[in-house]
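Asker: Attaching a single structure in structure tokens format; questions to follow.
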Amino acid sequence: MKFVLLFGVLLVTLFSYSSAEMLDDFDQADEDELLSLIEKEEARAKECTPRFYDCSHDRHSCCRSELFKDVCTCFYPEGGDNEVCTCQQPKHLKYMEKAADKAKKFGGKTKKWFG
């Protein structure tokens, strides 16, 4: 009986140690993957096209605003045959960002009142 109990304790100890090692390996892999994604995002962010600049060379290169990514909008100027593309923020997204800013400001005021 003592042998079975000792063997069980040894088995549980080895199992918990091996699972802890596997979790550490997974955590390390997740951290490495996250860091590589952040580096890629930073590199990509440097190449974005600012608002109201020409985006005809790459229509997916518009920069992000605070919450949303700007959209490459193309149009024909009055009296012209050439298409012009610029990065712009759609109006509905502009209004949503303004509402979010007001909600943040209001949230800060309520914290001061009820703090």
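The backbone N, Cα and C atoms fix where each Cβ goes, and this holds for glycine too.
The signal peptide feature in Swiss-Prot is assigned to 1-20. Annotation comment: Swiss-Prot describes C48-C63, C55-C72, C62-C87, C74-C85 as disulfide bond.
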Asker: Tell me which residues of the chain lie with their Cβ under 8 angstroms from that of C74 (disulfide bond), as long as they are six or more apart in sequence?
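Answerer: Listed in sequence order: S56, R59, E83, V84, C85.
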Asker: Measure from the Cα of C72 (disulfide bond) to the Cα of every one of the disulfide-bonded residues C48, C62, C63, C87, then give the nearest.
Answerer: C87
Asker: Could you give the Cα-Cα distance between C62 (disulfide bond) and C48 (disulfide bond), in whole Å?
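Answerer: On Cα coordinates alone, these residues lie 5 Å apart.
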Asker: Return the count of C-beta atoms lying within 10 angstroms of the C-beta of C87 (disulfide bond), excluding that atom itself.
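Answerer: Excluding its own Cβ, the number within 10 Å is 21.
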Asker: What does DSSP say about C63 (disulfide bond): helix, strand or coil?
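Answerer: Assignment for C63 (disulfide bond) reads coil.
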